Amino acid sequence: MKVRVVTFPGSNCDKDVGSVLESEFGAKVEYTWYKESFSDTPDLVVLPGGFSFGDYLRCGAMAKFSNAMDSVVSYAKKGGKVLGVCNGFQILTESGLLPGALLHNRTLKYICKDVDLVPVSENRIGKEMKGTLSIPIAHGEGAYFADPETLERLEKNGQVVFRYKENPNGSLHDIAGICNEAGNVLGMMPHPERAVNPYTGKMDGKQILEVLLKK
Amino acid sequence: MFVAKINVTLKESVLDPQGQTVLRTLHDQGKNSVADLRVGKYIEMKIDAKSQSEAEALAKEICESVLVNQVIETYRLVVEKV
C-alpha cells in the first residue's frame, strides 16, 4: 500500500499523518515537496494540515499553484483517492477539486478541541463508519460555505460525508467534511490522524483512514 | 507604469464576522448611526504595461485567478496610470 503525502512550506501535519499511516496501517509513505511532480498512482494522496504559505491571502490559495498540486489534480481526475485534512481541505476547495470555501469561524476564535462527528449514511464513505466519532479539530477558518444551489446538490448527491453533532464554527448544514461527486476526493476539517494512536487517547480516526485505505 | 487598486470584500450573501464584531463595538460606543460595516482587504499592484487596457486585462485576470475567491468574495478594480 503506497501513500503520498504532499508537503507545502508551512505544512505541519505531514509527518503526523505519514507516521500514523506507516505505523498503524503498514503503508509505504513517500513525501512530495510542493515543487515536485509525480505521475505514479499511489493508493492515496494526502494533503495534510498546517498553514501552507503562511495562509497569506487566503488559506490554501497559494498552494494550488504548485507542481505537486498539478499532479494531484490530474491524479484525482483519473479517479485517484485524495484526502485533504484541515488546510488540505482548504487547498482542495481553492483548487476546485471540491466545491465551496472555508470561512473564518463564526466566533472568530481559533478552536482546538475534540468534536463529535456524525458520518452521513447516504454517503458511501460515511456509511462504512459506525456511530459518532470523536475527532479533534484545530482551525481558525473552518466554517464551510457554499451557495444554496451547491449545498442542495451536495445533499442530493450524498456528498456530505461528516456533520458536526454540535456545530463549532458556523459551517452551513453543520458540514465537517464533503467529497466530490465521484467520491474519490474527501476534504474534512477534523484531524483523523490525531485520533489513531492509543497514546493520543482517541482511536476513532482509525475508522476513517481504514475506509480510505481500502482497495 | 500603471497601478491597479483592488478592494476585495466578502459577498453580501456571506456573513462577515469580523465586520459584525467591529460594528458591535461601534454600537457599544453609541455610534448607532453606523448602519453596516464590512471588513475587506486592499491590494495594490504595479504593472508595467504598454497601455491602460493591457494593464486592466492583466489585473482582471490576476484578480480572478489568484487574488479573489469568487465563491465567497467580490472585488472592485481601478487601474490608474502613474
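Keep in mind that glycine also has a Cβ here, set from the backbone N, Cα and C atoms.
Feature annotation from TrEMBL assigns active site, nucleophile to A:Cys86. Residues or ranges marked as active site by TrEMBL: A:His191, A:Glu193.
The most densely surrounded of the active-site residues A:His191, A:Glu193 is A:Glu193 (count of other Cβ atoms within 10 A of its Cβ). Between A:Glu193 (active site) and A:Cys86 (active site, nucleophile), the C-alpha separation comes to 11 Å. Within 10 Å of the C-beta of A:Cys86 (active site, nucleophile) there are 28 other C-beta atoms, taking all protein chains into account.
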